[in-house]
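Per TrEMBL, these features apply:
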{"type": "ACT_SITE", "residues": "His26", "note": "active site, tele-phosphohistidine intermediate"}
{"type": "ACT_SITE", "residues": "Glu102", "note": "active site, proton donor/acceptor"}
{"type": "BINDING", "residues": "Arg25, His26, Gly27, Glu28, Thr29, Thr30, Trp31, Asn32, Arg76", "note": "substrate binding site"}
Amino acid sequence: MVGVATVIGDAHEVPYGVAEIVLVRHGETTWNASGRIQGQLESELNEIGWKQAEAIAERLSKELKPRAIYSSDLMRAKNTAEMIAKKCDYAFEVIMVPELKERHVGSLQGYVWGEIQEKEPEAYYAFFSSQNDLEIPGGGESFDQLCERSVAALEKIASKHKGERVIVVSHGGVLRAVYMAITKEPSAGKIMNGSVNVMHFSEKEKKWVFKSWNDVTHLGDVGFLQRGFDGDSLHQ
């Protein structure tokens, strides 16, 4: 599901009564590259991640100017958002929204994907379980809890920006949850670092429409991890 996109140029207008949310996954981090589970732990953008952030920013600077820029309060998202703000000549502070942070995956945080089945079997089972209300041992969230807070955060943002475009920088787990909660699809496919996803929300109809999903066409000269984020797979 890479690059499913419609072209949205700098001349388009957001329809009346609709909020346009440009939902961005942060650039690649050192832990993304090494296959280590971040969850709500901090991990810095690596060299490729900074280049991805710059490429995202370059692309978005040529499109409709955002009315606001929001971000998860985790540093990898914040740094990506601030790069976008700078390139878009955005004169205000990026707005931090804690509800946009990555899923807390309990005792799995900090481990490499390949070792969690042996070292944290209960948490491993909970993470990959089809029982969506199952919380991950070690203080982790259930998938239902993640979906509820993520969609609620986006709807709160959308309600403030009817007829406007805003940019929101978040995480693979959040993007996956939003897509699956709204579409009711069983999978969101792979979600790449630096991907741009465009959504419209009509408050009157209480309806979300995806205009593009996992668009990485702007990363052609930079590249990205082909495995992406795929919370549906046992092999990350």
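Placement of Cβ uses the backbone N, Cα and C atoms for every residue, glycine included.
Shown here: features listed in TrEMBL, placed on the structure.
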residue : record                                          : Cβ contacts under 8 Å, 6 or more apart
Arg25   : substrate binding site                          : Val169, Ser170, His171, Gly172, Leu175, Ile191, Met192, Asn193, Gly194, Ser195, Asn197, Phe229
His26   : active site, tele-phosphohistidine intermediate : Leu45, Gly49, Ala53, Ser72, Arg76, Ala77, Asn79, Thr80, Val169, Ser170, His171, Asn193, Gly194
Gly27   : substrate binding site                          : Leu45, Ile48, Gly49, Trp50, Lys51, Gln52, Ala53, Ile56, Arg76, Asn79, Thr80, Asn193, Gly194
Thr29   : substrate binding site                          : Gln38, Ser43, Glu44, Leu45, Asn46, Gly49, Arg76, Asn193
Trp31   : substrate binding site                          : Ile37, Gln38, Leu41, Ser43
Glu102  : active site, proton donor/acceptor              : Gln38, Gly39, Gln40, Ser72, Leu74, Ser170, His171, Gly172, Gly173, Val174
